[in-house]
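Student: Here's a structure for you.
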Amino acid sequence: MAIKIFDTTLRDGEQSPGVSLSVKEKLEIAKQLAKLEVDVIEAGFPIASEGDFKGVQKIAQEVKGPVIAGLARATKQDIDRAGEALKDAKKPRIHTFIATSPVHMKYKLKKSPQEVLESAVEAVKYAKTYTNDVEFSAEDAFRSDKDFLCEVFEAVIAAGATTINVPDTVGYATPLEFGGLIKYIKDNVPNINQAVISVHCHNDLGLAVANSLAAIENGAKQVECAVNGIGERAGNTALEEIALALNTRYDYFAKQSNLNLKEIARTSRLVSHLTGMEIQPNKAIVGKNAFAHESGIHQDGVIKERTTYEIMDATTIGLEENKIVLGKHSGRHAFRQKLEELGYELSQEELNSAFKRFKNLADKKKEITGFDLEAIMEDEISQVDEVYQINLLQVTSSPGLATATVQMEKDTKKINESACSEGGPIDAIYEAMNRITGLKCKLADYQIDSVTSGKDALGEVIVKLEHQDKIYVGRGISTDIIEASARAYNNAMNRILNTVTSDK
Ligand code: KIV
Ligand code: ZN
């Protein structure tokens, strides 16, 4: 039997500091996860916010293939909200949890072990009134008393849980210990064969993948993971690392996942771009350097025989050459066809808007590659309702002083502002935009990257704005980095304005 991949990018991954995806963005990621053929998509935590509820609901309605799961604490209110959000899913799962470790029970829940056990059983029974597919997680399982943990698992399986999940919530375990815990559960929960054993590891000590693999060796059949390893604090088990470890070392594990590995690179890029979470260059599997060889000895070896220094082939994860796909004279039909080949399904309205962006780009850039098209589409997806639009940008800059004039439009009203800055042209633009919108926000992060190579490359800017203790991510692309910077700032500002009414 294959190892089930339970993807929690949209739930635990979305809990990464500074990540907040719109419903449209969550849906796009979920569609891509379905192409990747994950077994389960944990689409969100419906009671957490209206946005979370809507995200789970939309994914349940539109994404076919994987099981769609919603998270719920072990309370009726949470379970009702998850049940409601999952109503239209073909294969719904309610994932309910309660903490079982002494420290969590005593200080956080203020419940006795007996009360926790009863809440867990009640929650599973109640979740079963919505769907047969119920997963139970014992939060902080690794720091729980082993025998109490086994007692809880036995009781929830008797109550109908079809999956029991063993989280290392704080990333404290080491592989031998964690593998040992899974074996202990297998040996000491009498009805364990009636449920799938799942694991959920955090990466605080950099051991999440190693711990998950040790669990597989000891009988776990489901691994919870997130694309690029994003998640609370140091993140979750990285999906791509588990997938490639199983694939590359099939000789050792003798178990596979059901994933369509060719979609890994694409999924990784999409998640990184929409969440604004950059991937470290040396990150295993999906980092920019993961398949690059720098030293002469290595390059020479690879030329003579690839396997001298490569244990994996980049094409396995869909890292193909970035080919030229369209040009200045390509029409709407060719554009649509290329997007369909890349897997995008567009309404007429979306096509019109994306085609306009493509034509603008093709005027500046002779050759349009697959990565450029992806960037255009990701930019379209990350657009939010625009309270303000940028009409005009004018910048003069010399070392030490820059001046920017910006015209923005709100409800057909045009507003002009100028600002000077010793911090350079981008700072001057941002100051002028702050004056127009009246928003009191702070630039918490600014990243710039090129989508393709060459002097006419498309630049992508990601900014993080801090507003009332919350972080908002904005993206902008253009062949002109000043324009990309302004677009990114405007995107983040509009996200703020869509959440709160101006604090002018
Ligand atoms: O880390 C954790 O314990 C969790 C549970 C809700 C599964 O995310
Ligand atoms: Zn977690």
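A Cβ is built for glycine as well, from the same backbone N, Cα and C atoms used for every other residue.
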Student: Which single residue out of Asp12, Asp39, Asp411 does TrEMBL record at the Mn(2+) site shared with His200, His202, Asn236?
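Tutor: According to TrEMBL, the candidate sharing the Mn(2+) site with His200, His202, Asn236 is Asp12.
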Student: Same-chain residues six or more away whose CB lies under 8 A from the CB of Asn236 (Mn(2+) binding site)?
Tutor: Thr8, Asp12, Gly13, His200, Cys201, His202, Asn203, Ala208, Glu224, Cys225, Ala226, Gly229, Ile230
Student: Fewest other C-beta atoms within 10 angstroms of its own C-beta: which of the binding-site residues His200, His202 fits that?
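Tutor: Taking His200, His202 as the binding-site residues, the minimal 10 Å Cβ count falls on His202.
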Student: What does DSSP give as the helix, strand and coil breakdown of the region 'Regulatory domain' (389-504)?
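Tutor: So the counts come to 32 helix, 56 strand, 28 coil.
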Student: List, in sequence order, the residues of the same chain other than Asp12, His200, His202, Asn236 whose Cβ lies within 8 Å of the centroid of the Cβ atoms of the recorded Mn(2+) site.
Tutor: Thr8, Pro167, Thr169, Cys201, Asn203, Ala208, Glu224, Cys225, Ala226, Gly231, Glu232, Gly235, Thr237
